[in-house]
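Q: According to Swiss-Prot:
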type     : residues                  : note
BINDING  : 415-422, 461-465, 515-518 : GTP binding site
COMPBIAS : 28-44                     : compositional bias 'Basic and acidic residues'
COMPBIAS : 101-248                   : compositional bias 'Basic and acidic residues'
COMPBIAS : 299-308                   : compositional bias 'Basic residues'
DOMAIN   : 406-575                   : domain 'tr-type G'
REGION   : 26-317                    : region 'Disordered'
REGION   : 415-422                   : region 'G1'
REGION   : 440-444                   : region 'G2'
REGION   : 461-464                   : region 'G3'
């Protein structure tokens, strides 16, 4: 038997403990909050509550009733071959009836009873207080009258006792004094009494006012409760109405129920009348013809075909007005899905897109903008859906409510190639990074932080070669100050101008370091003049840019450059949140064979710690290890500190934002969503075809393609090389990067190259053993490079070999016809004198008459005297027979030429 305490039972049924104890007492059970309640006592309490609410049946009347109707009929259908079969048809109807009146009356009665009880209690309290006040006033009046009578009797007794005059006078004086004193005492008592009455009256008024306010508040609460119940009931009715609109099987409205029953009754009566008239007509027909008429067919005959009642036949009326609805469009959508959302055929959508100038198929993915234009063109209202709600929620769930503190500046070294950027940074770091790069040029973004006497500075060293434009732009976006290194002997070069444009686009201050001032041909003033043409004005000329003359080789003014950087940083007042979850930017990334994906992250805010979960573009992972630029293990990194992190799921793209998140599962979902979105957008862009490009696409079939599989050591090099190779494409030869990636060359790359007939280019990477075996077996061209110049030059040579050669005709000899002879075998033979060059046998010729070409063919016979010869030189006579041409005349000229093939190259 299950027993509960009174307190547990009150929590279970949602009733206050005091209220439940009162109900138990009313039911004849005296309990406390800690007593046990048995099942019999619960049943007894339930019976008491039902009787109290007027329910004596003991069983609750059901508030919802569901009725089901089934109607069966038989339909004869044609089964083919002159036969028919009977099909049983069952029509099911289901209706649900809800008893609302009991619920509404009960709730209304409870609200009225609560308000009535509150009002009665308030009136009862007010009556008790009034009776109490009257009793106190009666007691006070009785005490005053008694004191007055006692005073009068005392005075009378004193007067009667005085015998003589002195005694009388003395008694009189005493009586007067006593009366005077009594009067004074009485006045004092009266004043005290009045003051007490006034105080009591004020207290009673205050108590009365509080009782009235409490009663009014209770009434207001009861009224608000009734209004809320009324609103809740009305909302419930609206919800019920919505349910009726949604599901026509569930009808809770009494009027709708009655109307439906009335319609069913009328339909049934009409069917019965129709059936009765048919049966009577059939009976009369049988009476007239002498018996019933039965249609027979086949061997044993068959039943007559039953006609379906007209009321049961389906009728479809096509709407004349096209339904306009809200169309919800995601970032990408398939054409067929868009048509379904607009309730039109997919061919209509394709027609609209063709009118707008875009070709599409029924299963093609289109972007959000195109779908929006199509839907609005067809008159629908478009609702653009944001599919990155999870991404925004994950990125916004951060605890960065900390105070910002000053941070070190991030300085990017920019400039033209070989102007001394890395050498300047070398002198600052006291290292030799320049010697470590192949060819002495920087091909990666190097991130370093340097401790100086006045503070810490973080440097980003960018390449200066034209192929690394994306790297320089990425460096400018993550920086606070740009130091533009310009050689004093070279002046402003193309990459110098490009670096100025990147700095201005990023909106960061520019400090110009004029390098190589120790050379004899150095001309710093010329550098200032050239830079002024690009709105880079020195401070001494009234501009905003600081110029520092340095020598990276000798270390001249390097300290002044650092002071200038720190001064500019102090003006900028750079701050960042040091505590909390970290966020930064990926400066560089690569695939290490032993450690996996490695990303160089520049922390911009917060503190990145070992073990944090990092979301980085399409990749995610837990930080397994962190190393600084020297290679030492670190456990945390604050703002403006570059570190290498290990543990990501893949190699992120350089420039991606790295953010620390709380949940690894959500980070994986966001990364997968980003990857899927990237694929969808890429597919939508690739499949987009314009009508005006159709003919150019058809003509593109004659273009030769050079397929390349590119692998490099870091992501930045992959981007730079792929961009440079793509720009080499011409109208005749197209460079197609079929595959690119970071890390060593694997067997998968070899299979891809074999399938696409591509060459493999490795930049600072090598192929493993399995890849080398696959490459040798398939005879794939594999080349390794460490300098980007050599890679681009060799690709140019390969493209030049794919170009169609040019052909040039060169005249090698000229002969003048002096006489014409007839030969029975060869026809007309021209006797000629060679005037220029030499005449070769089987060479193509032209016959000129009055310097006009009248025939073009080839030599058939070349003789000197009676001997066949291979060639005849200038100044000799010969006989020439022209193949398939006999109209040779004296004075004609025979021009002999040959076609020379000229090899083309790509500039």
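Quick reminder: no glycine exception, Cβ is built from N, Cα and C everywhere.
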Q: Cβ under 8 Å to the compositional bias 'Basic and acidic residues' (28-44), counting only same-chain residues 6 or more beyond its ends: which ones?
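A: Same-chain contacts beyond the ends: 1-7, 9, 17, 21.
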Q: What count of other C-beta atoms do you get within 10 angstroms of the C-beta of residue 418 (GTP binding site), across all chains shown?
A: 15
Q: Would you list the DSSP helix, strand and coil counts for the residues of the compositional bias 'Basic and acidic residues' (28-44)?
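A: Going through the compositional bias 'Basic and acidic residues' (28-44) residue by residue, I get 6 helix, 2 strand, 9 coil.
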Q: For residue 415 (GTP binding site), just count the other CB atoms lying within 10 A of its CB, please.
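A: The Cβ of residue 415 (GTP binding site) has 27 Cβ neighbours within 10 Å.
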Q: Would you identify which of the binding-site residues 421, 517 has the most other C-beta atoms lying within 10 angstroms of its C-beta?
A: 421
Q: Quick one: what's DSSP say for residue 421 (GTP binding site), helix, strand or coil?
A: helix
Q: How would DSSP class residue 415 (GTP binding site) in three states?
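A: Looking at the DSSP assignment, residue 415 (GTP binding site) belongs to a strand.
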